[in-house]
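Peer 1: Sharing a structure with you now.
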């Protein structure tokens, strides 16, 4: 038994030396793979300066988001969500990245807006007492995916260890927090359905307003156009089920 145990330790040591901790890290009990870390494309290489700037440069010069959103802020926020853009294959990863930026482009109009233009609705849902609205605060859309409603600010804040219920403005005042809020929503609400097609991601983000509503058909189509364009830039097929 002792020699068998020593043999396993030696095998693990050899494998770590050959392929590194990506395959032989903590969490494994035996076998050739010692880590369940996701594999996929390098997000930073896909979201290149040329790609990011190609989007934001289309926003008017006087936009608040023009000097707010940056590629570096996105990459810094990404450190808190290491699984984003890593769906197991390079193709799937690129589709996810294309989908995220398609929605962000639509929601912010090429990263022009840091917060929702219509602020008349406070987006305070009093049926969610576990996420109490702070006095005088509003939870309208902010950030790349326009994080909305007190319960989403509450959940995102808990995940990010930030009090976004009392300080929702952080999502529009701090570019890293802004991207973190949207990445949190993406991983929590959109990632679980992305395998069913882009149309399902539209439902997850704004389905109540845009899906099955004839007057809002152009909005959904707008998202689809961005998505297919970004997929083309990344050299991947967008796959079917694009519409909701």
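Even glycines carry a Cβ here, placed using N, Cα and C.
So TrEMBL lists the following for this protein:
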- 63-112: disulfide bond (DISULFID)
- 63-85: domain 'Glycoside hydrolase family 19 catalytic' (DOMAIN)
- 107: active site, proton donor (ACT_SITE)
- 124-133: disulfide bond (DISULFID)
- 177-187: domain 'Glycoside hydrolase family 19 catalytic' (DOMAIN)
- 211-244: disulfide bond (DISULFID)
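A description of the local structural setting of each listed feature is requested, covering burial, neighbours and distances.
Peer 2: This prediction places the mean pLDDT of the domain 'Glycoside hydrolase family 19 catalytic' (63-85) at 97.
In sequence order, 113, 141, 144, 145, 146, 205 make up the list of same-chain residues 6 or more apart from residue 107 (active site, proton donor) whose Cβ falls under 8 Å from its Cβ.
Using a 10 Å Cβ-Cβ cutoff, residue 124 (disulfide bond) registers 18 neighbours.
Listed by sequence, the residues of this chain that lie at least six past the ends of the domain 'Glycoside hydrolase family 19 catalytic' (177-187) yet keep a Cβ under 8 A from its Cβ atoms are 68-69, 73-74, 76-78, 80-81, 83-84, 100, 104, 114, 142-145, 147, 152-153, 155-156, 159-160, 162, 164, 170-171.
Here the Cβ of residue 244 (disulfide bond) has 21 other Cβ atoms within 10 Å, regardless of which shown protein chain they belong to.
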Peer 1: Inside 10 Å of the Cβ of residue 133 (disulfide bond), count up the other Cβ atoms and send me the figure.
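Peer 2: I get 23 for this one.
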Peer 1: In whole Å, how far does the CA atom of residue 112 (disulfide bond) lie from that of residue 211 (disulfide bond)?
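Peer 2: It is 24 Å, counting Cα to Cα.
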Peer 1: Closest to residue 244 (disulfide bond): which of the disulfide-bonded residues 63, 124, 133, going by Cα position?
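Peer 2: Going through 63, 124, 133 one by one, the closest to residue 244 (disulfide bond) is 124.
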Peer 1: Quick one: pull the CA-CA distance for residue 211 (disulfide bond) versus residue 124 (disulfide bond), whole Å only.
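Peer 2: Between the Cα atoms of residue 211 (disulfide bond) and residue 124 (disulfide bond), the distance comes to 23 Å.
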Peer 1: Between residue 133 (disulfide bond) and residue 63 (disulfide bond), find the distance joining the two CA atoms and give it rounded to the nearest Å.
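Peer 2: So the Cα of residue 63 (disulfide bond) lies 29 Å away from that of residue 133 (disulfide bond).
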